[in-house]
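Note sheet for the following structure.
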Amino acid sequence: MEENKPILDFLQPLGLETYVGDFKTRGFTEDSDFQGLTLDDLDSMNITDEEHRGRIIAAATVHEVSDEHRVMQFLREHGLDYYFSNFLASDYTDLEAIERMDPGPATFDDLEITLPSHKNRLTKAVNKLRKRQRVSFVETEAETAIAYGYWSRPAALEGAICDFLCVKATIKSPEPNGQSVEREFLVDSGSDVVTIKSEILEQLKLPKKGDPVQSKGVHATVKKQLHSGVMVIGSEEINVEVMEESFNSIGCRELRKFRHYVSPERHIWMKRTDSDTSSSTIRTEETPAAWEMQTPEGTETETEEDTGTENGHSTTESSDSDDHES
């Protein structure tokens, strides 16, 4: 990959490629880096023009990691990033194309992979990807998957030593014709509110809900404002309480509105049914559910962590109390 390509791809549409050197110097060189950009980051790069700062933050708020970047991450994970340009030249430009790859002599020749160890790496990597991408189950009327989560490390928690359960979801304003934003959300079972970054909250203009409440964190208690929002997870739309935070997360209230199956490869979200009387709606590989896992044509997922964060919010019902834990 051209050294500065991710930075150029981000800045050129904004007409701000003059800042390529500043981004590179401060280490914002990967496609995923731009999702977590803050005003403090721009300060560190000495970007002071208010109009330019506004353009950059607005673009970062809606930025999505490219398919090419996911291919590069996949290759890096398996020590094969040297062949990245060969993959693109051979039209392996997304994970779905790699999943369909036949890792045999013709493919190795096409990708110019000659080392036996690298051929073995690619074969194992493709098999692992297929298993990760295609894990599915026999659906019944009561157990239909509505969304697929995955293990990953959100940009805001890159310093963490392990991965977290994440899911792609949409947060939107409850107002008619309100704006919406799709983002990656960390699954935080230690919180009972949805949290979103300040720039998203500002963009969506979510209405305030009551007076500020006491948010009890691991290290401190602070007053924070709750907001009303609507979250769309897969095909399900639910009303949520939203609080500003440095990362996007989904709390236990939202978790308990669904059934779940968690494995080392993915997190399957399903509708709750009238028969779900137990307080526990989460199953793991050690407690198999009533469906059989199989590998037909699968659905998209991403890679790799744990349900809960050190900075999570554990709150009480705002309608009953203004004392919230975080």
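Cβ atoms are placed via backbone N, Cα and C, with glycine included.
So that you can see what the record holds, here are the features copied from TrEMBL:
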- 2-59: domain 'SAM' (DOMAIN)
- 66-132: domain 'SAM' (DOMAIN)
- 272-326: region 'Disordered' (REGION)
- 299-308: compositional bias 'Acidic residues' (COMPBIAS)
- 309-318: compositional bias 'Low complexity' (COMPBIAS)
Exercise. For the domain 'SAM' (66-132), provide the mean pLDDT of the predicted model.
Key: 89
Quiz item: What is the number of residues in the domain 'SAM' (2-59) that are helix, strand and coil, as DSSP sees it?
Solution: 41 helix, 0 strand, 17 coil
Quiz item: Which residue counts does DSSP yield for the domain 'SAM' (66-132) in the helix, strand and coil classes, in that order?
Solution: 49 helix, 0 strand, 18 coil
